[in-house]
Amino acid sequence: MKATLVLGSLIVGAVSAYKATTTRYYDGQEGACGCGSSSGAFPWQLGIGNGVYTAAGSQALFDTAGASWCGAGCGKCYQLTSTGQAPCSSCGTGGAAGQSIIVMVTNLCPNNGNAQWCPVVGGTNQYGYSYHFDIMAQNEIFGDNVVVDFEPIACPGQAASDWGTCLCVGQQETDPTPVLGNDTGSTPPGSSPPATSSSPPSGGGQQTLYGQCGGAGWTGPTTCQAPGTCKVQNQWYSQCLP
């Protein structure tokens, strides 16, 4: 399993407190969210749009209650921002820091057979991270096994439309997946964590469009720059949307 993050267009958003490892895969199969058919995956799963992809999530992202089909995390989207670092010196080369993509969860990366990368709920993988995204791609996207900062976001319009073609729409489990803790993951040996700023974005204390504006533990701006409105996505995340 070789990791990949996408070199898509940069996406403006809030800095996330959560980190995950990434890899990439392509098996052409339907996946655990029912996106595809017995003959294979839907074509859009290789790339919904510019900078928007699909991924298999580790169990805590797919379903915290342990479901392996139609998990509560199916159809949810996340913004991934590259830290530029690989999880270890021998398991990837990393990539350019600061580049972002969006992924929609359409499959499960189970711990069984993938323990190196995909942890159980409440556990960590071999590199000390609690979350993992295995991005569906046939070629490298924006790095080689890059560690990312991630946060839940509203799915872009095309992703939401594509999700509507999957078998698991309306059939997902109902546990509050994902339950994001305070674990920010590990720092690769011999490296320093990326610098972050605690200052609110410019604009008189208002958040920029598509940035975070609320959610459990959020201490940043709660109003949005025009034309944005702060809209609740779930109990952990509210986002400035047009």
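Just so you know, glycine gets a Cβ as well, placed from its N, Cα and C.
Values in this document were obtained by computation on a predicted structure and should not be read as measured data.
As annotated by Swiss-Prot, active site, nucleophile applies to D27. In the three-state DSSP assignment, the secondary structure recorded for D27 (active site, nucleophile) is coil. Listed in sequence order, the residues of the same chain lying 6 or more apart from D27 (active site, nucleophile) and placing their CB within less than 8 Å of its CB are A41.
Summarising the annotation, Swiss-Prot assigns active site, proton donor to D134. DSSP classifies D134 (active site, proton donor) as strand under the three-state reduction.
Among the features that Swiss-Prot reports, compositional bias 'Low complexity' is placed at 184-201.
Marked as domain 'CBM1' by Swiss-Prot: 205-241.
According to Swiss-Prot, the feature signal peptide maps to 1-17.
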